[in-house]
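Trainee: Before anything else, here's the structure in question.
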Amino acid sequence: MTSLCETSSAFFLSLSIDTYLRPEPLPDRIFRARLRVIEGDRWTPELADQNTLRFQHRARDYRERINLIMRRSDLREPFEGSEILALDGNEEPGDLTLHFALYFDPYAELVSAADLRSILLEEITGQERKYFRNLTIDPNSLVIKEVSGTGDDVVGTSSSPLGGKDEVTVEIVTTARPPRKCEPLRLGYCRSVGYNVTTYPNFFGHGSLEEVEADLISFRELVDAECFRQAFDFICRLLQPPCEYRSIEEPTPGTVCRQYCQAFWSGCGERLPERLRRYLDCERFPESTGVQSCHSKPGCTGELQANAMSSRLCDGVADCADLSDENTCTFCAYGAISCGRSRACYARNARCDGKLDCPDGSDEKDCLSISPQVSFLTFPPPIVPFRPRFYSEGYAVFSEKGTTGKLCSVGMEGNEYVRNTVAESLCKALGYERVDYSEIRNDTEPNTSYVRVLDPRASEISFVRTQCQSKQSLYVACSHLECGVQSTLPATQSIGLSKMATPGDWPWHVALLRADTHVCDGTLVSKDWVLTTESCFQGQAKATWMAVFGAVRLSSNAPWTQRRRIIGMVKSPVEGSTAAMVRLETPVVYSDFVRPICLPDIPLKETIDRSDNNVTPTPHAEKYSTSKGGKLSGRKLKEYRQYFEMPGDDELVTDEYGDLNEAAKYVNQYSADFTDEQYHIPKAEAAVAGTHGRTTVSSVPGSVSAGPAAYPLPANSPQTNNYISALNYISSGGVANVGTGGVGFQQPTKLGKQSQWTNCNTLGWSRQRDHLQRVQLKLIDMSPCENISIATVNSMCAESAYHKQDCSEEEFAGSPVICLLPSDRRWALVGISSWRIACAPNGIERPRMYDKIIPNTPWIRDTITATVT
């Protein structure tokens, strides 16, 4: 009789043997491939980083093309998908090399590299190309081989039906590009361009002077044709770019600004020979910023005078990308720096010297900041004292009397409290809500000045110059940029907001241009999204839509202005709302002149979270996740693209199966196949008059005090606590009066009762439709608006705060209603206009009607969160 133990042993032995002998599932058949695009697309350095939005756009485009080719071939049954591994290339000549992988079912029919090569070559070289028809691909560059592992050097098992080997391809060995170096400018034609050192290869792919001279006749003909007034300067700066050192690595060629390129292209682009035209992709050139990151179109002041705009010279508002209309005035000495927002300048060595030289104190602003390198802040030399770009992490950098350097770690290595205190104060002073981490790092940047903590045990930390023998510096990472902050304004509110906007007054305001014509406005709510109204696009045919940020004059070209193409729109699912979110092709760069607005539900979110969790949250405009009523971030949105022209729109055709040729158009990269009905957004509340128990909310804690200097440099040095987080002219204990009216807010409740805001403004454009200005509003009962127009459950009514002629502006559709949050000096977006609001005769304004934003906030936050990359 067999015992239980023997039976169990036999069972487990059988199970073990069965498990051991059971065959493992075969892995996917993987083929690695490579091809080179020589026309129709080009490589840019941004494509080397797989985390960038541009790489993700381009990778999805090529993946869809390849998938469509394989799914329409004889190998559609075993084909499982493709993957873009990398986009490679060189700036000269700019050809783009595509590395990708093809995956096949190992249990389906046999697949060989020869079969795949034949299918792809048919599409690349065929007469009736469908999926690569707008691209020119070098057939000799196509390389395909099977791999059995993750490495490209692993040779796979042959699957040829005849037992032969797959087609053998020869790997192309590329040699590393020699390091770039500077050399004298020897091209006689460009001797008068203004500098004498250049570098090769240039922006047209020429690697030597001889190659430039061989093509020189084509460029001289463009200059002689007078198709563009600045053609000589533009062409010479591309043929013989200035050699510049922007980092501690090898030199770089100085480039021209994108708008300069676009201006040249509009006049001379079609005259350029075809073989050289592909090098002149204006999107590859950077936008101008306040640190002169590129060379702008010269002669701006002369054009202003020629266009009868001499009154704009030296008026305190930047009209030229190089600020030549302001920094060459009588109030500016030679070599001085413009204050940027007023008719004033200061000497370079007066930066952060403890004395206010600019009316708004901007020369003493950000004397302690963070940057990956000091050279990022000093080269090219800044032309205004404001930050052209916010760095969320980097070394702690100081400025004092025109000298810029780093904070040495001496005195902080063994004192974590001091390090964390400095890091927290620095992040909050720069407008960030939290510190991610702080650490001590080795500093390899040459020629750097240093300061150190004078006495770590003192109640007030001070800094003093040092040699920093250890060459170690404080490195800080911050996060959660504050929304709704006017960071160009002084820390203490001694200067009120003017009716006519000055640069930086409203950094979230956006002008929307259709075919270069201003037709609507919007408000920046995140790096990728602008909130406006869908009525801007109703009845409109496809066109190129652009969003312009940081502008207070539409006819000007300020150095901090940014432009982004609009690629799609998402309509609000809220009943009675015309709000719409438009998506930007690439994210904006946050700066003192471009930053997001707050959403109006922040007081409600703070109150609910504080009562539920007994903590003080830190809400912001960029990120959001719903916690009650269901999580929406996993759902996608219906995105409308029929209004926006994009590169490749002419490829909107169907294939032989009747399917939309997604791979042939760049615009479909965010196509969605879902509907708005997936959202269960509450219906909008009807507007009601009156208040129901007015309450106030104290300011968010953590701001830097505005009292005595907490982190001063030694004697005669600038204070370092004079930052935007101290911008509070509303008292922390309640609501203070500002100007002629108080600031009040009826606290929303969990039941979503109607909020009442005061100290509100809307933004419009002057009668010439050129200069941005504000009109103070008060929100009123709905009856005046209902008498003259059709209201919805999501409507709100407003009128001018002063019953007098205050009607010199025109509000465009999508213009905002912005009100102060009750807790501090941050602004929130309360409403948007659905149509243009013009002035009525005799100085009597028609009541304004807007769409409320509060009912839309869950949808807005979810849209932003769903697209964060």
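Glycine too: its Cβ is placed from the backbone N, Cα and C atoms.
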Trainee: With reference to TrEMBL, specify which of the listed residues C182, C190, C282 is paired with C236 by a disulfide.
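Mentor: Matching partner in the record: C190.
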Trainee: What is the disulfide partner of C314 among C300, C329, C332, as given in TrEMBL?
Mentor: C329
Trainee: According to the record in TrEMBL, which candidate from C332, C339, C345, C367 pairs with C352 in a disulphide?
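Mentor: In TrEMBL, C352 forms its disulfide bond with C367.
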Trainee: According to TrEMBL, which residue among C182, C320, C332 is joined to C243 by a disulfide bond?
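Mentor: Checking TrEMBL, the candidate bonded to C243 through a disulfide is C182.
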Trainee: What's the CA-CA gap between C243 (disulfide bond) and C329 (disulfide bond) in angstrom, rounded?
Mentor: 30
Trainee: By the count of other Cβ atoms within 10 Å, pick out the sparsest of the disulfide-bonded residues C182, C190, C367.
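Mentor: Checked C182, C190, C367; of these disulfide-bonded residues, fewest Cβ neighbours within 10 Å: C182.
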Trainee: Across all the protein chains here, work out how many other Cβ atoms are within 10 Å of the Cβ of C352 (disulfide bond).
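Mentor: So the Cβ neighbour count for C352 (disulfide bond) comes to 25.
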Trainee: So if I measure Cβ to Cβ from C314 (disulfide bond) and keep only same-chain residues at least 6 apart in sequence, which ones fall under 8 Å?
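Mentor: Non-local contacts for C314 (disulfide bond): D325, E326, C329, T330, F331, R343.
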